[in-house]
C-alpha cells in the first residue's frame, strides 16, 4: 500500500501529521499472539525475562579507520540496542526450548555447521540425482539431493581477511537488500557512494539474506553492465528486469565484450571450478581485479591522495553508463529477520516427491529423521527453506505423518539455523504456528511476529512506578511549573484517538502580533531514566497501529489516562510559545514546563467545519466544552490558528520545503471489526493546521538541544535523494515533455507544482508523478550529533529544507520524543543552575540556553558547562555512545512499525477482495500503465494507490507483440495451441475474461430493482472491460480486475489481471433467400470451438434480438495477419456431410472473425448499430426537398442541343452544383474579388513544400499504404497527443484521407446505416448533408441563432433520444466562427454517453482559435471511445489543394472508417504525406504566428464591413465572419450575393445553403478573410464605393 505523503520515505509525521489512532478494544489486551498452541509445550519464563535477539559475528573492524567505523544510516538502522526484551515466554517442542518472541533460543536445535551437509548427504536415495547441476529455482528436492556432494558457494572470508580488506579499501561493508520482484537481484549501498552495488545471482549473493550486514568485493569494471536509461533493457534494473533473464545476461556480455577480462565470466572461472575464488586469494583472481585497481590508481594519481570511496565515486562519474556490481565475500552481522521468516509448508510437494520416490524405489512410504520438508516464505525476498523432519514440532510432525492436507494452509514461522556451502537452500527450524493463512487474526499475529513487535502485557515492574487513578497533579508540581489552566487550550485529533499528546492555543497581542502555544504531554515526568518502565518503553520504542487496534509503547494507564491531554483535566506538559508577526516571523519564544487544562477535544472534521464556516460548534454531536470558555472562543482560536498556519506553510515552501501528497484508501469495518470495503481519502486543511505547529515545535526543540548538548542531541536527518533514481526521474519527465528541476528540494517542489498544475484534470497521472518522485527519497533516521560532529552539513532534513530537526511532539507513542524531552528539561534546569552559580536571578540570566538567542558564552563558561553537565546527569541525557545505540534501535523499530502498517494495509485489502470473490463479485477498476516492456507491464491502480505487475510473456492463448520502435504492446487472443517446448501459464493468470451475459448477470445481481440511487452510483463508477486486440502504450488507461492471491495455498498478495470481454463466436445462419454474401450471426456465447447443431442456441432474449450480419471481405488487420478465406455457404444439414478438413477450415475462419469482430466493438454495452455493417432494416430516408440555389444560373460546358439528360442517383437528386463552385464561376465571369470560398490566395510555408519536392525526388511517388504512411500516422498521433493529452495508437486509430471532406464521407459511409438518425448543427458545411444522404441517414437539425450562435441546450436535450445514432459537429464552426464552449461540449458529451451516441467532430480550424483555447470533445471523460475526430493540413498550412486529411478514432470505429476509405480513394498522395510529416512537426512558434496573422486579417475585414454598413457577428475562430445583409434591402441572401458579385465585384456566400430550412439563413452571408491584406482592403473599398444601404 502507498502512503499519502512523502513519508513513503519520510514518514508523514515528519511533517507534523499525526497518524490515525483507533480506539483499542478490550479483547486486545492479552498475551502476544492468539495463535494455536503447539502441543507438548511448556510455558516457562527466563530468570530476567530478557534475552538478546541478535545473532552477531564479532566486529573485526572496531580498531579500523574512520571509513570502517562510520557506517551508513542504513547500517545503523539494523543495529541492535543493548536493550532486549522477550515479548513471549519460551516454548518447548518436546523438551527443547523455543522462544515465542523474536528473541530466539540461544542454543539452536541445529547449531553445528556440518548439520546441513550431513543431512543432505543422507537425503540422496538416487545416485543419479546427485549428478545434476544444482539450480536455484524449480523443484527443491532434486536440487538438494544433487548438490549434497558439490560445493556451490565460496567460503566466507575469515574475520582477519575481512579486517585487512576493509582497511586497504579492497572490500566494503554494506547493508544487503533484495529486489522484491526478482530475488536474483540484490543491492548494497556503500556510504558515500551515490549508486547501489548490484549483487546479481545466488552465487554472487553467497548465502546473504535480506537485512544482513555483508562485506562485498567489487567486480572488475569490464563486467559492470550498462546503467538503466543508457540501453533499452538494462541488465540491472532496480525494479526488476522486463526481459528474460537469459537475454539480459547475454546482452550484458555482448555489450561489455570489449573489456571482459579473459577467463572470468558471470562470476565463474573459466576452468572447471564451480566456486568463486577457489584457488585464489580472497576469492578474486589477480586478472579479475586488475582493471578496477588500475582505474582506482589512475584516478588517485589525478586527484592526489583520496579515500577509496572518493576513488570509486570518481570512477562512477567517469563511467556514468556503468552499473557497479560485486559479490558477497562475508556476512559479518546476521539480520534479525533470519529468526522470524513466516511462510507455508509445501506439504503437497513433499507428498508428491515421496510418492514418486515410492514408485521409483518400490518401497512403502516411510518417514525418517533424514527427511525434510520445504517452507515457502511469504516474503519473496527470502529463499526457500528446508526444514529437517527430525526437528519439526511434535504437532506438525504428527499431522505430516498422517498426510493431513490442511497442514499446508497453516501459517508458520521459521528460523534459519545453517546454510552450508554445499546447500542451495538454508536449513531452518519451525518456531511458531499461527493458524490458517486465509484468516485475518493469524496473519496479523504473523506480521507482528515477523517484525518483532512486542504485544504482551506490560511487566508488573513497569507498572509499579505509575500513580493510581484517579490522579491529580500534585500541588508542589504545580508550584514548580507555569500555570496555564486559564488559557483557552484545545486538542485536534482523529475522532477515535485516545492518546492525546499535543494541544494548541493562540492569543492576540498588541500591534497585530500573535502568541501561539504548542503544549506537549510531559511523559518524562512519569517515565524516569533507568527505571523498569523506561527500559520497556525503550524496548518497544514506538506504538504500532493496526487500523482496528494498536500495540502501545506505554501502558494504557499512562498513554490514555494520566498522560493524555484529556479535556477538563489538569495535565502536565512542555509548552513552547512563539510571538509571531503577520508574515510568520518568530519575534520571540519561551519554553518551559507547564500545567494546562484543555477546554475541548476537536476532531479534524470539527476543525474543518469551523475553518469552512459550516458550524458554530453548538450542534448535537459536538464535543463538550469545559471551563469558562464559550464556543466563540474556540471558533476564534481555530480560525486564527488556521490563518497563521497557512502563512507558515507558504513561508516554508518558499524556503524550499518538499511535500509529495497522495490520497490513500481508508477501510470500512462492520460491527465485528471485519473490513468490507474501502474509500479514498485525502488530508484536509485542519490536518495542515496541526502539522505546521508540530513542525515548528520539532524544529525549535532540535535547535535548543543541539546548542545545549552539541555532542549528545538526538536529531532526525533526512539525506538527499538517491542520485541515480532522481536522475532517472528527471529523465522520465524530460522524455515526456515535463521540465523538472532537481537541483534542490525547493526547486523540485516548484517544478512539480508547475507540472501538476498543468495536469490538474488528470489526478491519476499526478499520483503517478508523486510515486516516481517518492522512489528516489531515502529514509529519514535518528542520529546522535556526536557521531557527525565533523559533518554538520549532514544534519539537515532534505524534505523540510531545514538544518535541524527532531521529534518532540508525540512522547506518548515515540521513545525518541521522551529522550528529547529529557534534554530540554536538562537545558531548562541548567538555566536555573547557571543563575545560582553566577549568583544572579533567573530573570537576569533569562532563557540563555532555550531562548531565541542562544548565549554561547554562557554555555562555554565554566559555570555554564558545570550547569549543563549536572542537569544532564539529573535528567538522564545519554552519553554519545549510548545515544548512538538508542538512535539505531529506534530507527529499526520505526522501520518495523512502518512495515507492520504497510503489511496490514495489504492484508485488509486482500481480505476485502477475498470477501468479494466469495460473493462471486469481481473488483474491476481502471489502471494506468507506468512501465511497459516485452514481458510485463507495471500498472498504477488509483483506487488503492498501489502498483502491480501483469506478466504476459508466457501465457497460453495470449499473443503479445512488442513493437520496440514505438514502445507499443499489442495483446490478442491466440486461438491455436502453442507449439514447441516450454511451460506456459494459463490465460486466467493474466486475463479475467467475461462474456456479455456474465456482465448482465453481474450487474443485475449487484443492484436492487428499486434501488435507483445504487444504480446511478454503479453506472457512474462502472468500469467497462476492453476487447481484443488491445493496444497499450505508456500511460494508457486499461481496465483490470483485482483479486486476492494466496492465503491457504501460498503467500498473500493482491493480483491484477486484464479485464477483457470475449464478444462472441460466429455460427452460420440459414437465410430465407440465399444471396451472394456470406451471412453470419453474432451470438454472445463465448469462444465456440464447434458450431451448434441447431439454430436454437440459448442466449438471453434481449441479446438474441441483436442479430448482427456482416459481409466478409478479404483483408488484413492488426499486427497478426488474418487471411479471410472465401468459403462456400453450407446449411447445418450440409455441414454434417463436410469432410473433416473442410470442417476444420470453417472453425478456423470463425476464429479469425472473432478478432475482426472485437476490433469493431469497443464494449458490449454499445448498441449493435455501432458496427459499421449493421443489418438494421434498411429504411430509405425521407427526402428533404428544398430549393438549394434555386435562383442561381447553372452552366454547362456542352452544347444544349447535344446535351443528354443528366443522370444521378435519387439520393443525390436534390443536390445541385455546390454553392462554392457556382460562386467561383460567377467570380471569374464578373472579375469579382473572391471572399467566398475558403482557400487562401497566398502560398503555404516553404519548409513543407520543400519536403514534398524532396519526397518526389526520393522516388516516393507510388501508392501509399491505404490508411497512411507510418511516419505520418505517428506524426498525427503525436500532434493530437500534444493538443489533447490523449495517447492514440497511430497504427490502429489514425486513418489518412484525401482531405477532411473525405474523412467525413468515410466516417458517414462506414459507420452510419440507412435510417440512422444523425443530428446536425445548422448552419453547417454543405458536404455534411450530402454525405449523410448518400449513407441513407435521417437528419435532424438544431439551429444556432445569432448573435452568439450558442447551442440551445434544452432543444438539444429534447432532440437526443435512444434513436439517435450520432451527432455531427464542427468547432471552430464554419460558417459562423463560433467556438463551442466547455459547457456546451460537456452537455453534448453527457447526452452521448447517456444515450450511447457517436460524435463526428470536424476540427479543421483547431489552430485558428482566437479568443479561447480549442477543446477537442474526444478529450472529455468517456468520449474518446465514441468519437471520430477529423482534421486536415490545408487550413493550417494554407495548402488546401493537397487534400491531406485524417480521422482519429478508437479501433472499433476506425474499422468502419477504413473500410469506406478503402473503396473511396484507397490511398492519398504519397509525396504530400511525407511533406505533411514535416508540417506537423512545425515548432509552436509557427502556430502562434499563424494565429496572429489571421487575427490581424480578421480585424481588417470586420472593421471594413462595419464601415460599409453590415451588422457583423462575433467570430472566435476559423477564417470566416457572418454578417447581416438586410440593411441593403435585398429580399434574401442569394439575391444579395448575386447583386454583390455582378454590381459590386465582391464574392460572398449565401448562408441559406447551410441550413435545412433555407429561411433561417436568408438574412446572413459569409465572408472569408484568408486573403492577403491588399485583397481584403480592395474588397472593402469596392463595397464602400458601390454598396449602399437602403434608407
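Cβ atoms here come from the backbone N, Cα and C positions, even for glycine.
Pulled from TrEMBL:
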REGION    1-75  region 'Disordered'
COMPBIAS  17-33  compositional bias 'Basic residues'
COMPBIAS  39-48  compositional bias 'Basic and acidic residues'
COMPBIAS  50-65  compositional bias 'Low complexity'
REGION    87-135  region 'Disordered'
COMPBIAS  105-114  compositional bias 'Low complexity'
REGION    234-253  region 'Disordered'
DOMAIN    481-830  domain 'RNB'
BINDING   493, 502  Mg(2+) binding site
SITE      501  site 'Important for catalytic activity'
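On the structure: features taken from TrEMBL.
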| residue | record | Cβ within 10 Å |
| --- | --- | --- |
| 493 | Mg(2+) binding site | 22 |
| 501 | site 'Important for catalytic activity' | 25 |
| 502 | Mg(2+) binding site | 24 |
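Between the CA atoms of residue 501 (site 'Important for catalytic activity') and residue 493 (Mg(2+) binding site) there is a gap of 9 Å, rounded to the nearest whole number. Across the domain 'RNB' (481-830), the prediction's mean pLDDT works out to 91.
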